[in-house]
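According to TrEMBL, the domain 'Dihydroorotase catalytic' annotation covers B:57-243. Marked as Zn(2+) 1 binding site by TrEMBL: B:His66, B:His68, B:Asp160, B:Asp325. Sequence annotations record features per position, and here TrEMBL assigns substrate binding site to B:His68, B:Leu69, B:Arg70, B:Asn100, B:Asn298, B:His329, B:Pro343, B:Gly344. Residues annotated as Zn(2+) 2 binding site in TrEMBL: B:Asp160, B:His187, B:His240. The active site feature in TrEMBL is assigned to B:Asp325.
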Amino acid sequence: MRHLLSIADLDAQAASTLLDTADRLEQTLLGRQVRKLPTLRGRTVVTVFYENSTRTRVSFEIAGKWMSADVINVSIGGSSVGKGESLRDTALTLAAAGADCVVVRHPASGAAHRLAQWLAHTGVAVVNAGDGTHEHPTQALLDAQTLRQRLGDIAGRRIAVVGDVLHSRVARSNVLLLTLLGAQVVLVAPPTLLPSGVGSWPVEVSHDLDAVLGGVDAVMMLRVQAERMHGGFFPSAREYAVDYGLNRRRLDLLPEHAPVLHPGPMLRGMEISSAVADSGRALVTEQVRNGVHLRMAVLYHLLAGEEVE
Amino acid sequence: MTSTEIDSSPVLLRGVRPYGEGEPVDLLVADGRIVAIDAAGSVDAGQAEVVDAAGLVALPGFVDLHTHLREPGREDAETIDTGSASATLGGYTAVFAMANTDPVADNAVLVEHVWRRGREVGLVDVHPVGAVTVGLGGERLAELGGMARSAAQVRMFSDDGVCVADPLLMRRALEYSSVLGATIAQHAEEPRLTVGAQAHEGERAALLGLAGWPAAAEESIVARDCLLAHRTGGRLHVCHVSTAGTVEVLRWAAGPLAALPTLAAGGRPGRVSAEVTPHHLLLTDERLATYDPVNKVNPPLRTEADTLALRAALAEGVIDCVATDHAPHAPQDKDCEWSAARPGMLGLETALSVVVETMVTTGLLDWRGVARVMSERPAELVGLADQGRPIAVGEPASLVLIDPTAHWTVRGSESASLADNTPFEGMRLPARVVATMLRGRFTARDGKVLRWIDSC
Ligand SMILES: [Zn+2]
């Protein structure tokens, strides 16, 4: 594995290996007072975030530090974004300054791919930490890890992904990964929040959350960006909550064993009611914890020289 | 001295095949005109330079209704000089320079400047396109009459790059320009349907997370404008048609719609024409997978079904002509992330080969058909008197000579354009322009541009 740009770059074997490595790393660290492995000593990981995301950045930072890598965080504010040359120049600067791995979050779809192209002549690895409305592969991997811990095998499971699929990089990565691992995916959203090419995806599509819930093994709720609410994608937050929000009543429709996932931050009362969010069925903290181990696994396979394939 | 005043020395093309048809002939050119055509070997060269043209196809020089020359304003991307050089290497003898320069060509002074600069360079006839609205702002009509009456004699107006989206303003533009004998060329893109659009709306864009540019955004504007043109008697030219649905709208406009009565003054019927670019004939949105912005263009690359519909429509005449939408860009405007990159592709030097690849080798057009869509029809649409003329005695000697058997590999770095943003980089394409002649004088020969200063 040279970069992690997209789930589409992984096969089932490589994806499972990453999840297994994350498991192994978690076990290794379990019960330790000093959570530090020497694995990546002397390697430099730079996180470059063109969009705010404390959650994801901190997760990568802790992952790197627990493996003794030097982690440097770079935040580039919104004003310089849109200046196309800045990403390319930043990439070349980081390579020249000696970065071994660049973790990038960027508002443009494909930004991580472009970064990898510009860094092709260097040895620098690129991890996509979210590019526009394209993908967020480590989020999908940590979601899969969370599901695997709760459900055992993912293959043959039926998983609902609910909400703003159109703008969600989390949904794209999850559809690819869950189907790669043998799950059936049902997308539940109003037609305005589904991409127009969705008909060719290996998924089912529904606009009726109530009808779907009884037959699934897990529900993944997606974030609705605040700026979408007045963009005419749906009439109002209230109507969205009524039709697509996960509330107490709907939780009861869900089979006993089925957990609820949410990539956070949650819009309580709209996407998910507090009763659901704070119930034992929501695995939000597990997702965050698994995020660190999973990102350790990704950095390990990219930087410790061990092939995932 | 300008190109039109040059007294060219006579040239005898030995063994050439006009339109690729019939037996080879000798074609004698003098004083800017074709003065003799007769069986190969039979024409007396006299004082003429004899050029061995055996095996070459002669067509009337190509006319491009849609070129971006970037001057004034972005001379780092292209100039009238480098764009003209690129055009002549591609077999063109006339190009229409779009108005979206900086400043915008929305007044007589500016269009005259572009026209005059084109004459100084002298490689192709540069016809400025005037803006429809002031500053391409889409709010009030530019002085169309002033531009039409200027030395540049503007006959085509376009806000290309943006759509004249306001239906009332579009109606007025069609009405007003109709008495000027001018055409309104529309970049058909309903702006509300393409907010943030980055790629053709469909499977590929959904997968790549690029906001979609729906086919209906083009089709709805074309349908609206066809209605307006028909009812007002205006002349509408649809730029860079990109979807199968637009082709169907054009069929409807030429058939059922045209049969309805018009309310235009004097009962003058409206007229609708359309162009397609070489890249929309050949390339599809499958090319987007790498996010390389060299493939970013507006309207975007569409699906294979669209390319097939466009080819069929061009062959049938539902689409009138090929236009390049040659859009050079400086490296920093292309070598960046997809959303930050400017849309556009080079096109002048590859147009013939792409048309041959998509239309001739597929059996959809013969060489006479190529002449129709790349030369005769575009010249006719904008009323050029001495371009796109038949290859016949007494006609102007503006010609392109083509090696129909050649193959070549496209290299952006070898282009005469200042830019190198060609989507055909590394592609092996058929047919090659060997020489271009503007009113009896070679402007390009064997891959080299022949400037007036060189030919003295
Ligand atoms: Zn355009």
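Backbone N, Cα and C atoms are what each Cβ position is placed from, and that goes for glycine too.
Model, not experiment: these values are computed from the prediction.
Contact annotation for binding-site residues (B:His187, B:His329, B:Gly344) versus ligand 1: B:His187, each with CB under 6 Å from a ligand atom. Mapped onto three states, the DSSP output places B:Asp325 (Zn(2+) 1 binding site) in coil. B:Asp325 (Zn(2+) 1 binding site) is 11 Å away from B:Pro343 (substrate binding site) when you measure Cα to Cα. Counted over every protein chain shown, other Cβ atoms within 10 Å are most numerous around B:Gly344 among the binding-site residues B:Pro343, B:Gly344.
Long-range C-beta contacts of B:His187 (Zn(2+) 2 binding site), restricted to its own chain and to partners at least six residues apart, with a cutoff below 8 Å, comprise B:Ser158, B:Asp159, B:Asp160, B:Gly161, B:Val162, B:Cys163, B:Cys239, B:His240. A distance of 10 Å separates the Cα atom of B:Asp325 (Zn(2+) 1 binding site) from that of B:Leu69 (substrate binding site).
Taking Cβ-Cβ distances under 8 Å and a sequence gap of 6 or more within the same chain, the neighbours of B:Arg70 (substrate binding site) are B:Ala77, B:Glu78, B:Thr79, B:Gly83, B:Thr101, B:Pro328.
Cα to Cα, B:Gly344 (substrate binding site) and B:His68 (Zn(2+) 1 binding site) are separated by 9 Å.
Across the residues of the domain 'Dihydroorotase catalytic' (B:57-243), the predicted structure has a mean pLDDT of 97. For the binding-site residues given as B:His66, B:His68, B:His240, B:His329, the lowest number of other CB atoms within 10 Å of the residue's CB is seen at B:His240. Each of the binding-site residues B:Asp160, B:Asp325 was scored by the number of other CB atoms within 10 Å of its CB, and the largest score is that of B:Asp325. Comparing local CB density within 10 A for the binding-site residues B:Leu69, B:Asn100, B:Asn298, the maximum falls on B:Leu69. Within the set B:His68, B:Leu69, B:Arg70, B:Asn100, B:Asn298, B:His329, B:Pro343, B:Gly344 that the record links to substrate, no two Cα atoms are more than 17 Å apart, and one pair reaches that distance. Under the three-state DSSP scheme, B:His66 (Zn(2+) 1 binding site) falls in the strand class.
In this structure, the CA atom of B:His66 (Zn(2+) 1 binding site) is 13 Å away from the CA atom of B:Asn298 (substrate binding site). Apart from B:His66, B:His68, B:Asp160, B:Asp325, the residues listed for Zn(2+) 1, the same chain places the Cβ atoms of B:Thr67, B:Met98, B:Gly161, B:Cys239, B:His240, B:Ala323, B:Thr324, B:His326, B:Ala327 within 8 Å of the centroid of those Cβ atoms. Apart from B:Asp160, B:His187, B:His240, the Zn(2+) 2 site neighbourhood in this chain, defined by C-beta within 8 angstroms of the site C-beta centre, holds B:His66, B:Met98, B:Ser158, B:Gly161, B:Ala185, B:Gln186, B:Ala188, B:Glu189, B:Cys239, B:Asn298, B:Pro299, B:Asp325.
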